[in-house]
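Participant: What follows is a single structure, and I will ask about it in a moment.
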Amino acid sequence: MSKVTQISHPLILHKLAFMRDKKTGSKDFREMVEEVAMLMAYEVTREMQLETVEIETPICITKCKMLAGKKVAIVPILRAGLGMVNGVLKLIPAAKVGHIGLYRDEKTLKPVEYFCKLPQDIEERDIIVTDPMLATGGSAIDAITLLKKRGAKYIRLMCLIGAPEGIAAVQEAHPDVDIYLASIDEKLDENGYIVPGLGDAGDRLFGTK
């Protein structure tokens, strides 16, 4: 079974409270999504492999730890996942960015794919999938399935908030994919929205519906 990590750092919780507030406008919401993603990325990358290298300092030659040469790809689920990308890129500026376009059918609540563009060497990369909301889990499950069909093997899922139902669904469908969240909320309502949630992340990020 995959590991579920709730990253409850005080700065993350503080910013998340502002993001939940319906009075917070798109500009501030967008900035805080990026900031929280950057703070979360510290924990999401904790288990990346290191290797020992020899470095010459101004004083002497010494051995240091560096990332083990494994390439990283950030794959946002469009459109809301885009809001988290720059925060992760600030810590991993050499990462490539793929895109998976999925939207949720409001009647069936099922995800529908409309776009997919990934790095050609996706099978060699350590992948961080970003999506602010893990509600039913349908979009995340489909995005991860698509990545695996393209050869991806090393995948982490990074969300701002999630419902227990969505977390359980992803774990059942992809028990090898670890999940990282800033908050595990109470439940889904009858419309499939996270409670208490923060509204529609895409709408609030971009100021459109």
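Glycine is treated like the rest: Cβ placed from N, Cα and C.
Remember, it's a predicted structure, so these values are computed and weren't measured experimentally.
Okay, these came from Swiss-Prot:
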type: BINDING; residues: Arg79, Arg104, Asp131, Pro132, Met133, Leu134, Ala135, Thr136, Gly137, Gly138, Ser139, Asp200; note: 5-phospho-alpha-D-ribose 1-diphosphate binding site
type: BINDING; residues: Ile194, Gly199, Asp200, Ala201; note: uracil binding site
Participant: In whole Å, note down how far the CA of Asp131 (5-phospho-alpha-D-ribose 1-diphosphate binding site) lies from the CA of Gly199 (uracil binding site).
Facilitator: 14
Participant: Name them in sequence order: residues not among Ile194, Gly199, Asp200, Ala201 whose Cβ is within 8 Å of the mean position of the Cβ atoms defining the uracil site.
Facilitator: Ala80, Pro132, Met133, Tyr193, Gly197, Leu198, Gly202, Asp203, Arg204
Participant: Around Ser139 (5-phospho-alpha-D-ribose 1-diphosphate binding site), how many other CB atoms lie within 10 A of its CB?
Facilitator: 26
Participant: When you rank Arg79, Asp131, Met133, Ala135 by Cα distance to Ile194 (uracil binding site), which of the binding-site residues ends up on top as the closest?
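Facilitator: Closest candidate to Ile194 (uracil binding site), judged by Cα separation, is Ala135.
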Participant: I want to check the contact list for Met133 (5-phospho-alpha-D-ribose 1-diphosphate binding site): same chain, sequence separation of six or more, C-beta distance under 8 angstroms. What comes out?
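Facilitator: Expected: Ala80, Cys159, Leu160, Ile161, Gly162, Ile194, Gly197, Leu198, Ala201.
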Participant: Near Asp200 (uracil binding site), how many other Cβ atoms are within 10 Å of its Cβ?
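Facilitator: Summing over all protein chains shown, Asp200 (uracil binding site) has 14 other Cβ atoms within 10 Å.
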Participant: Taking the Cα atoms as reference points, how far is Gly137 (5-phospho-alpha-D-ribose 1-diphosphate binding site) from Asp200 (uracil binding site) in Å?
Facilitator: 15
